[in-house]
Amino acid sequence: MRFAHRHLLGIEHLSQSDITAILDLAETYVELNRQSAKHSDVLAGLTQINMFFENSTRTQASFELAGKRLGADVMNMAMQASSIKKGETLIDTAMTLNAMHPDLLVVRHPQSGAVDLLAQKVNCAVLNAGDGRHEHPTQALLDALTIRRAKGRLHRLSIAICGDVAHSRVARSNLILLGKMENRIRLIGPPTLVPPHFREFGAEVFDDMREGLRDVDVVMMLRLQRERMDGGFIPSEREYYHRFGLDNEKLALARPDAIVMHPGPMNRGVEIDGTLADDINRSVIQEQVEMGVAVRMAAMELLARNLRSEAA
Ligand code: CP
């Protein structure tokens, strides 16, 4: 299993075989994580630092669990209590931590491109845990693993990504990954949230859920990213839910075995009906969370193998 990358900064740098290598290794960790003894020592002796400059539940918790289950020494930097608050720059912070010889740095930052910049200044492997509107590669990989397990394949599927595409790094990483794996992608939402230039990714664009959802295999809903909006993108949440919120009536237009996904955090009653989100016959939202730990274990193991072979 060859993975010739020093960092995991975005899906755009990965080939089809890189993606398959991560997913295949992650499958083995799905099994490990379901056992009562979940420990392995593939990262033993290595130091992992998690730096989250933006809030997170799923990504931070799963990177921490992933590192601990693989035997790494894991440190979560409390960025709100760090010297960033005294005016220290991102790069000076990164170089300071780099001097303590970490092996894996997991970084989430509100600015697109900040994680790439940081990766140029440190000696260790950097994993992008989400940067601005740019990329969230491990989210797209965990989504891909969830789809592959539910559908038995990750190619030639019809996949709808619905809602606030414009502000979503999850949508961007998924568009790139699912396109590389030769799927048909539909983007559905109001033109303010799905601008026409997204057609450049090879996707079809719809502003009508009933038209866009017809016969799709996968429905991926997105959160309205209010924190990244600087104006009025929707008339009201009530009208948005009426037109673009996923409920059973709209889902009935998709294939009868279509799965429902959401990267979280969810706004129930805004982009998705709460009962549908909890329906274990259609929704794979909890599986996505489970796959997140396995995918992050696999990604860190593959990067650590390269670090070790460089050092040998
Ligand atoms: N999907 C996702 O990135 O969730 P968190 O913001 O909780 O990490």
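Going from the start of the chain as shown, residues are counted 1 onward.
Just so it is clear, glycine is given a Cβ too, placed from its N, Cα and C backbone atoms.
Of the residues proposed, Arg108, Arg228, Arg238, the one TrEMBL records at the same carbamoyl phosphate site as Arg58, Thr59, His136, Gln139, Gly264, Pro265 is Arg108.
Within 10 Å of the Cα of Gln139 (carbamoyl phosphate binding site), the following binding-site residues from the list Lys86, Arg169, Arg223 place their own Cα: Arg169. Neighbour counts of Cβ atoms within 10 Å were compared across the binding-site residues Arg58, Lys86, Arg108, His136, Arg223; the minimum falls on Lys86. A simple Cβ count within 10 Å picks out one of the binding-site residues Gly264, Pro265 as the most packed, and that one is Gly264. For the pair formed by Gly264 (carbamoyl phosphate binding site) and Arg169 (L-aspartate binding site), distance between Cα atoms is given as 13 Å, rounded to the nearest Å. Taking a Cβ cut-off of under 6 Å from any atom of ligand 1, the binding-site residues Arg58, Thr59, Arg223 reduce to Arg58, Thr59. Counting residue by residue with DSSP, the domain 'Aspartate/ornithine carbamoyltransferase Asp/Orn-binding' (157-302) contains 59 helix, 24 strand, 63 coil.
Annotation for Arg169 (L-aspartate binding site): same-chain Cβ neighbours under 8 Å, separated by at least 6 residues, are Ser112, Gly130, Asp131, Gly132, Arg133, His134, Glu135, His136, Gln139.
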